[in-house]
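First up is the structure itself, then whatever we jot down about it.
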Amino acid sequence: MTTHHRGQPDTSADVEREVAREQAHVDRVYAELEKATLRARDVEADGLARGRTDRTGDVRDEEMTGLFERDALVHAAARRRAAIDTQYEGLVFGRLDLGEEGSSAAEREVRHIGRLGVRDDDYEPLVVDWRAPAAAAFYRATPVDPMGVVRRRVLRCRGDRVVGVEDDLMVPEAPEDIVVVGDGALMAALTRSRGRQMRDIVATIQRHQDEAIRAPARGVTEITGGPGTGKTVVALHRAAYLLYAERRRFEHGGILVIGPSAAYTAYIERVLPSLGEESVALRALGDVVDGVTALRLDTPEVAEVKGSLRVRRLLARLVARPPLGAPRVLRAFVAGHAVRLEEEALRRVRAEVLRGHQHNLAADAARAALAEAAWRSVRQGERSDFLDAFDSSRDVDEFLASWWRPVDPRELLLALADTDEAYGLSRGVLDQEEAAALAWSYREALETGQWSVADVALADDLLARLGPVPEAVEEDAGFYDIEELDDLTAYGVQDVRAGSGGPGRPGSGAVVTPADARERLLAGRLERASGYAHVLVDEAQDLSPMQWRMVARRGRTASWTVVGDAAQSSWPDTAEAARAREEAFTGLERRTFHMDTNYRNAREIFDHAREVVLPLVPDADIPEAVRETGVRPVDVAVDGSLVAAAADAVETVLEEVDGSVAVVTPRRWADRLGALDGAGEGRVQVVDPLSTKGLEWDATVVVDPDAITEESPGGVRVLYVVLTRAAHRMHVLRPA
Ligand SMILES: Nc1ncnc2c1ncn2[C@@H]1O[C@H](COP(=O)(O)OP(=O)(O)OP(=O)(O)O)[C@@H](O)[C@H]1O
């Protein structure tokens, strides 16, 4: 929204009068909604009865339809209004004065814009939904192309009270009767302090952002741009827009929003409700598959193995093996014959069945194939007699119950905790060091009872290969009996009981017994992917190839919004990730929107971040920061205690900003800085570098940037993310 003020200079009396005028209109809107809520209740009560009267001719059909439409509209509005908490910036936030240049007040049309549409008794709009075509000029008009707008006004509200107005004039001269007040809504919005959660930007969406928001629903819409350019917030408004434009399709089919971490989903979770939309599923990458929730991060080396497509060969081998504890030989007495199938014969039967079936759906096929193999080994008497007897043999039932028992993907992953097993299965796929690290990571899972984020995509891949896990497995999954314990021990995981650890040992604070841990890892039922009508992927540059495949399973028939910035990548953005991504989008039309204005960081802060990243990532997508504070970030080498210096810096910024503060620290300082978490009456958070993705604070204190680069999978790109999180103040502390 280009600010353009050229009216009479405003006085406080002007402002007061204009605020009072807008208040009068806002009061009318709330009164109408109040009526609407009551009427909606009535409609619900006697809706059915009234539906019948139109058949008896009491009311004309079209009148009736009109009434129903209106009631439905009003009902929806009342419901949505209930969803909009008063802490959001008010239901009505904008106004357009439309008319020809030089038109009189009587000739001009006034149109109010809000979070939802409301009409009065005569069906006249009191507020137009921001997503309706009639509201587009609010976001698109500029002095160069005013689209019939004389003045655009943003109303600042607190609950149902109007507390200020900000105007932009779209014509060179204000007509006599038009007052222009305020300093521009955008700057006001950008300057104020940030809370713990992202806010909607519905009152100040910029023209180029609006174009991305209202882009067609079909195909793939990519939103690219550097840090703080509003990619996330734009994508979320786009989700709300799609629900408005094609509610039936998207509410029914569902919209899935995927972000990098649980911290991210917590950060953005209020944006859509503030726009009256509750029906969107927000998932972190560790939470995409129902039945596994992961917060833990693997070491970069392990994450690389688990994220790359080569791991699929290993998964295929896992699926092809007999389930743990399955008998190696079939011995049965069938129709008077002693049947014996050796390991190799059984292996061939298994391979043959798996060629055409998913394991968990193939119990019958396995029985049939086994019967054939058994018959071939005997070939005496009547074939059909033999097959009948085979089918009702207890020996065979018993054998199959174990040899082809339903398998839970999570069990298969845990089998990799055994180093020899991991070596064997990864031969020709991983080197020994990688296989050992992989095995170690599953011992860590068995120790902590927590999956890693990268495991979720592997479990999903296995689920797609194995087929749905039957209910019975779920019931059993909670138990961990002596036999299984022994089994696990035999698998070389004795050290789990001894509690031996490895590097890092995240989450090692909690003491978890092996039985508890395993129970936790297998709790709940793993659910197969259900498809969505639209999938929105944020921080898309970070998805590994295996994660792309997982996400693609949820978007087979979906349209997509994909948001990202390669320079902020923490996944080595290899050609492989790009290929996996392209596969998800095969055959879909594409459009790209590039965002180049940074709305988050004060220019001084962003300049600092740019100087760090450009020498190392020369092709970084560098936006233009629009706001200046006149205060350069502090970047100092600390001679004494880094911890004391961090505490001082926190104290300073708590004075300087009203809102949120983050202390971003590499692992090596995390324990010592933990005490700062919750300081400033809860305004201060201590966070690790990767968890800052997609988030922002009023001020940040960045501790030991070189260590952040060193420990992060994406190196300096992760530091770049960290250095672009502060809106107003930043301190960078380096050990001397
Ligand atoms: N039109 C706007 N009006 C007001 N605030 C805006 C506008 N556009 C963006 N912002 C604000 O700018 C900040 C950055 O937005 P957002 O987090 O969506 O950026 P991003 O491009 O996703 O950033 P990153 O890639 O660094 O995570 C947010 O506080 C957002 O509310």
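Note that Cβ sites are derived from N, Cα and C of the backbone, with glycine treated the same way.
TrEMBL has this to say about the protein:
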- GLY225, GLY226, PRO227, GLY228, THR229, GLY230, LYS231, THR232: ATP binding site (BINDING)
- 204-602: domain 'UvrD-like helicase ATP-binding' (DOMAIN)
- 1-21: region 'Disordered' (REGION)
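Those same-chain residues not listed among GLY225, GLY226, PRO227, GLY228, THR229, GLY230, LYS231, THR232 yet with C-beta within 8 angstroms of the centroid of the ATP site C-beta atoms are ASP565, MET595, ASN598, TYR599, ARG600, PRO623. Within the same chain, residues at least 6 positions away in sequence whose Cβ sits under 8 Å from that of THR232 (ATP binding site) are MET198, ILE268, ASP538, VAL563, GLY694. With a cut-off of 6 Å between Cβ and the nearest atom of ligand 1, the binding-site residues GLY226, PRO227, GLY228, GLY230, THR232 reduce to PRO227, GLY228, GLY230, THR232. DSSP assigns THR229 (ATP binding site) to coil, not to a helix or a strand. Taken together, the residues of the domain 'UvrD-like helicase ATP-binding' (204-602) have an average pLDDT of 87.
Burial estimate for the binding-site residues (PRO227, GLY228): highest at PRO227, by number of other CB atoms within 10 Å.
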